[in-house]
Amino acid sequence: MQAYFDQLDRVRYEGPQSTNPLAFRHYNPDELVLGKRMEDHLRFAACYWHTFCWNGADMFGVGAFNRPWQQPGEALELAKRKADVAFEFFHKLNVPFYCFHDVDVSPEGASLKEYKNNFAQMVDVLAAKQEQSGVKLLWGTANCFTNPRYGAGAATNPDPEVFSWAATQVVTAMNATHKLGGENYVLWGGREGYETLLNTDLRQEREQIGRFMQMVVEHKHKMGFQGTLLIEPKPQEPTKHQYDYDVATVYGFLKQFGLEKEIKVNIEANHATLAGHSFHHEIATAIALGIFGSVDANRGDAQLGWDTDQFPISVEENALVMYEILKAGGFTTGGLNFDAKVRRQSTDKYDLFYGHIGAMDTMALSLKIAARMVEDGELDKRVAKRYAGWNGELGQQILKGQLSLGELAQYAEQHNLAPVHQSGHQELLENLVNRYLFDK
């Protein structure tokens, strides 16, 4: 078979001095960082949808890319051609993982029977590709938002027959993920939200999606899937308001339906931007709540109110993200999936490599800086000092429930408490972070 990326053998590490745009300058898979291989820290994945399914179309224009597998033809054969190119790309990019939606890899067909038959054939194709290339599946998911049947959502749809169709897709995609050795299964909100409250029963829709997620958990245990279930928060788009708005909202939902021990979160940087949060905030919140799972590494544009899905290029932003992840013990089943796409004007097929290479170097350099922050320990020391009072007698009595509100008020009066504010030293800490970032 003719190689699609025929001008490239494989992307390799050449070091910081390299000017080769098709080489890594910072990502060295075998380099040890805090005693662990860089590849094992970062667990990079490339996504199927933006990389091989998007044709460059947007709201104002038709497809701009001339991909051979996006031409008219027999759908299943084109899907197999797309898989050939995808795994050529994964291998040459040197990523250990990939991710997909069901209909990214397989034609949907005109019925559930066709959908399942097509998907079963393509799962066999993907299994063979994985065996041949050594590339593994980080996570799979089902696209329950593109087809017009999902215009009013999938699990939150007012029609239980649509709910049932979505359940069929999710079961099939979960089974496929399990068969392919996937390490996680993702549930993104899609169109689980509302356009207007005038035709929406919020309590009803919340009960529906809560039951749907409980059924997903039940099926996971029934099938013996050992991977992690992940919800991906997003505040809006495509609906006006999504029910999985941000990490904290998802945690409240999980608690309500008794799922907080069963499901974690897959955090996307651009979705944090849309929610009015920093990427750092969402990562730290998930870790604090015990539901951190995986990351969709990309970036948004603070001046635009939609999901631009650009490749991450900010070491300043991502060093702090990697710092939080390292302090929490790193990824277990999760990783860094590049949910990012080249720009519509980037029509050269090698632009796909340029985008991913830059992103991988960004995250690798961020990891190394984060490791220096962990090794130095100065930030942690200053935070510990700020909260040191809570390790004292009074602080511990409060936290252990040994003082009531009235007793605490009495204590304050008896001891003539007159606390004085202590500086938070924000500027000092920002300067400290800059030293890690820019001092060699």
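In case you wondered, yes, glycine gets a Cβ from its N, Cα and C as well.
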- Query: Can you pick which of Glu205, Glu207, Glu260, Glu268 Swiss-Prot lists for the same Mg(2+) 1 site as Glu232, Asp296, Asp339?
  - Reply: Glu268
- Do any residues at least six apart in sequence from Asp339 (Mg(2+) 1 binding site), in the same chain, have a Cβ closer than 8 Å to its Cβ, and if so which, in order? Cys47, His50, Glu268, Asn270, Asp296, Ala297, Asn298, Asp309
- Note on the structure: CB neighbours within 10 A of His271 (Mg(2+) 2 binding site), counting all protein chains shown, number 31
- Message: Give me the CA-CA distance between Asp307 (Mg(2+) 2 binding site) and Asp104 (active site), in Å, as a whole number.
- Response: 19
- Query: For Mg(2+) 1, what surrounds Glu232, Glu268, Asp296, Asp339 with a Cβ no more than 8 Å from their Cβ centroid?
  - Reply: Trp188, Asn266, Ile267, Ala269, Asn270, His271, Val295, Asn298, Asn337
- Message: So if I measure Cβ to Cβ from Glu232 (Mg(2+) 1 binding site) and keep only same-chain residues at least 6 apart in sequence, which ones fall under 8 Å?
- Response: Val186, Leu187, Trp188, Gly189, Asp244, Val265, Asn266, Ile267, Glu268, His271, Asp296
